[in-house]
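Record features (TrEMBL):
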type: REGION; residues: 1-22; note: region 'Disordered'
type: COMPBIAS; residues: 1-20; note: compositional bias 'Basic and acidic residues'
type: DOMAIN; residues: 48-499; note: domain 'Major facilitator superfamily (MFS) profile'
type: TRANSMEM; residues: 56-79; note: transmembrane segment
type: TRANSMEM; residues: 91-114; note: transmembrane segment
type: TRANSMEM; residues: 121-138; note: transmembrane segment
type: TRANSMEM; residues: 150-177; note: transmembrane segment
type: TRANSMEM; residues: 189-209; note: transmembrane segment
type: TRANSMEM; residues: 215-233; note: transmembrane segment
type: TRANSMEM; residues: 279-303; note: transmembrane segment
type: TRANSMEM; residues: 336-355; note: transmembrane segment
type: TRANSMEM; residues: 376-398; note: transmembrane segment
type: TRANSMEM; residues: 404-432; note: transmembrane segment
type: TRANSMEM; residues: 444-466; note: transmembrane segment
type: TRANSMEM; residues: 472-493; note: transmembrane segment
């Protein structure tokens, strides 16, 4: 079997041209290995399954901890209102919004710094910064320290958003095309699980002890991941060009020397870049963000996750308000127990992604003669994006509008949790594969799409709800989610043509490469 690109025009050079002249390496399941690994055992693509799994685990654990820490007081701000003498609990939700803003914005700055100093270097020091801001948050206990508390949450978000973004480049470095669906599912759902676990722990904590413990428990986890990173995490940078041998030889073989080089001398271990190049990398995320393919895919994330995330943030108010005010009179502990329904949504989304996010695209590829197109990834979104999420939003609105039994609201929460968590890994993976040389930049701008709308909603949705009611508000959200899916459907139909409208300096994908023979087997993808 050879690597071929069926989409090239005559005379057009493609990066696969060189590899097309030699037999392609295959996995034990018969898949063409894309990208093709070198013969060097230090090549991250050639790492053992255990080493790859360990690396992915550390990035996933870091993603989980950083998000859980950032949203650590999502159910506790109702109690903190008394500590800071705030009459309106929603005003306290601004601390959660500040952390969310940091999570959205932080990666935009982390990506160029990672290219300058190394991904593992930035990841490690971001964890240290997150630990410091966690301690800072926990010590802001006086009534006049609310401003400082919000600042601590903002900086915590800035440090905490780096793991899932920089982890995207790591996945591209160590996994082959036919394995990435599962890898991105695990990474993104680790990040999104923190969105659920952090608030749940918050509710249980403020219902039984001081609200400051909301931050101390996550500080402990941050210490653990810092130790694991120091001991086990290796940088996956690997230059396959002939000139790359100089930089590959710089990494010390001695364990302690390697740790010092990785976490304290990052800039000396990778090719240096100028400040102009650093600024260009910063701009790349925005350039990717305005490409038509990103706008169409990002719109689904913007609308769907935006409404779901915002209503999960203010759900505390609806659940803990007295019944006479339209609430359910829940205690913080009952609130936390209620949020457990989102845990099941995340678990089902993980199972769905595990079994669907590689199998369905590869099955379609098999039916199309073994020629790969990135748009095959999007076909896993029909169920969560077009069917489940609109139903969940509509049911959510009806539950609050007519004050239905809280179990109906729990069902809506579960369905919404499954749908939004199933959508995110697929959309991120797709955009990364459309700009495959810019994985972190793509992940960073998709993070902005994911969170930008939910950051603006607190400023107008409460007034909107007062004006039209929660039923109409969430009903409109359900309708908007259907329209947003239209952009993804368009990409499924004409994605190859739309990808050509991207900036040529950034656009690079594996579309047209032969992944399997037309008669190949679609077995469980295995590492070679």
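Each residue, glycine too, has its Cβ placed from N, Cα and C.
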Might you confirm whether the transmembrane segment (56-79) is in contact with the transmembrane segment (215-233), defined here as three or more C-beta pairs under 8 A between residues 6 or more apart in sequence?
yes
Chain residues in Cβ proximity to the transmembrane segment (279-303) (below 8 Å; excluding those fewer than six residues from its ends, i.e. six or more beyond):
108-109, 111-112, 115, 273, 378, 381, 385, 423-424, 427, 430-431, 434-435, 438, 441-442, 444-446, 448-450, 452-453, 477, 480-481, 483-485, 487-488, 490-491, 495, 498-499, 501-503, 506-507
Establish whether the number of Cβ pairs under 8 Å between the transmembrane segment (404-432) and the transmembrane segment (56-79) reaches at least three, counting only pairs separated by 6 or more residues.
no
For the transmembrane segment (56-79) and the transmembrane segment (121-138), does the number of C-beta pairs under 8 Å, pairs 6 or more apart in sequence, reach 3 or more?
yes
